[in-house]
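The feature signal peptide is assigned by TrEMBL to 1-16. Annotated domain 'Tr-type G' per TrEMBL: 66-247, in sequence order. What TrEMBL lists as GTP binding site is 75-82, 140-144, 194-197.
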Amino acid sequence: MWTLAGQGWWRGRALAAWVTEAARKGLLWPHLAPARGTAAESRAPDRCYSSADRKEKIDMSCFPVENTRNFSIIAHVDHGKSTLADRLLELTGAIDKTKNNKQVLDKLQVERERGITVKAQTASLFYNYEGKQYLLNLIDTPGHVDFSYEVSRSLSACQGVLLVVDANEGIQAQTVANFFLAFEAQLSIIPVINKIDLKNADPERVEKQIEKVFDIPGDECIKISAKLGTNVESVLDAVIKRIPFPKAHCRNPLRALVFDSTFDRYRGVIANVALFDGVVSKGDKIVSAHTQKTYEVNEVGVLNPNEQPTHKLYAGQVGYLIAGMKDVTEAQIGDTLYLHKQPVEPLPGFKSAKPMVFAGMYPVDQSEYNNLKSAIEKLTLNDSSVVVHRDSSLALGAGWRLGFLGLLHMEVFNQRLEQEYNASVILTTPTVPYKAVLSSAKLIKEYREKEITIINPAQFPDKSKVTEYLEPVVLGTIITPDEYTGKIMMLCQARRAVQKNMMYIDQNRVMLKYLFPLNEIVVDFYDSLKSLSSGYASFDYEDAGYQTAELVKMDILLNGSIVEELVTVVHKDKAYSVGKAICERLKDSLPRQLFEIAIQAALGSKIIARETVKAYRKNVLAKCYGGDITRKMKLLKRQAEGKKKLRKVGNVEVPKDAFIKVLKTQSDK
């Protein structure tokens, strides 16, 4: 009788591998074989691989359209979307079950540091249910309002959603917003009540909230704990039973929607596609409906959750496609791909994202301009909601004016530039896009439109040229415990908000709807709201167009000279407080000179705020050890005259770091 040690370690390893595989299939100990539907059998069956080696390509024809389900997970921030996605990946055998499985689909460094999802991520899961093998395409989406464009894009590739609600916190503002995104897209909605293991969890109360706000029967809710894995199997069963399969046909010509894309420095653009019709395989020649350029497909595959090449992708399936697109402008999100010489009607694509906040971005050193330009181009491919305009400044040099969906979106974009492309930038204070209605036909002819949009305050037209100014407004939804209602109402009134609606969603929680001017909430409203409500209130907003407003252009003067980079647009009522704050910040930032510097905030010719940087001065009285007062007065008068003369001829050079301190976003707000 031979032993493992006697026959060599390699035979021992081979035998151990055979025993493990035999045990898995139930050949050695049938009573220990895994039950059907568990992780071990929830991978693609062996017949779907091109050889016995499981690393070979999967044959996706094993999954007909009837056995395919495409769904997203949507929820408010921190309600457990990514945790639920981790459990689903474990349950279907896509990843091994370990304690380290946290935010598996959150691949960006910024996502792991902040504990939030920024990019929607796709994963294809293989699940055995009642003897049939199903392909479940899961898309994990962000929860913050600034990334709602990611959510709306993801929903275009789905037929249903899991609406996750925290059993402790209940329905929050972004839960409502995401529900209506899915409802408008006519998707099947499966409500999932998560975190039932928490001490203060009250799933029955949340059930009633869902029934009242969304009109979904309480018995359709699935109660789970994603952290512990409690009842997660029923979520997969519900996905198969309650979400319809995609309406797609393999026999029709290829129609593929590009719903996301990333840039790889070696392989070019990697496009995430949802196939609505037809089949695509390696070697096919495809055409972009947007650019009309032809490409040869180098690789197709699914994300499981890492890239796994396949022979083909079939109608109804979601995967990735690499076709040698080297230029970042070639892979437009929302584009339709079709086979060469088989043109089709392009898919509707996406409504372009409307930027809510604009900020100037400049390289710290102008020699880094081209590197930063390349980094911004590659990052905007991955984050298509960012709008880029060229800009330049006398103080900061050449740069860009970037449009973002919100303040967090701006911070994350800046952080990704630093982490992924090692680019250091100067980011100016965020502003919102205003509009002006021109008064004369001559001006309309010059600008080629009656209503112009102003994204740079320095280009704000004078009052004599316009009939009215317009500012952007948003419809904000605040959900809060009722004891904080009074404080929050006072905060909203201070921000020039108009109340539209107030509704109790249960005995203790109130949903308030307000119409806000966007520039009042863009910088520090969310922080103030969280402080007032001890962190319990949640806030979400959606675009509500423009309204007439009394806007004024505020100039900042240094010794009577206007500094263009510091020009701001403010509401007439807030002009004094904003002007005072900028003057104080500038006083702290400017170095002292041999002459006095007057820092002024002006509305036209009217000065509304002033700070003074005192001059360096010699003690001219040091040599006077007594004597008559007139001697001292004569010396002081002569010094004052010299300073006055110096002030006339001396120019105030504002150093770059002073501009950065005044212009950059204020972290202490």
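Any Cβ shown, glycine's included, is placed from N, Cα and C.
From a predicted model like this one, the values you see are computed outputs, not experimental measurements.
Annotated features taken from TrEMBL, shown on the structure.
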| residue | record | contacts (Cβ under 8 Å, 6+ apart) |
| --- | --- | --- |
| ALA75 | GTP binding site | LYS81, GLY143, LEU163, VAL164, VAL165, ASP166, GLN174, THR175, ASN178, ASN194 |
| ASP78 | GTP binding site | GLY115, ILE116, GLY143, ASP166 |
| THR141 | GTP binding site | SER72, ILE73, ILE74, LYS81, THR117, ALA120, PHE147, GLU150, VAL151, SER154, ASN178 |
| HIS144 | GTP binding site | VAL77, ILE116, GLN174, GLY406, LEU408 |
| ILE196 | GTP binding site | ALA167, PRO203, LYS223, ILE224, SER225, THR230 |
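Around the Cβ of LYS81 (GTP binding site), the number of neighbouring Cβ atoms within 10 Å comes to 25. Taken together, the residues of the domain 'Tr-type G' (66-247) have an average pLDDT of 83.
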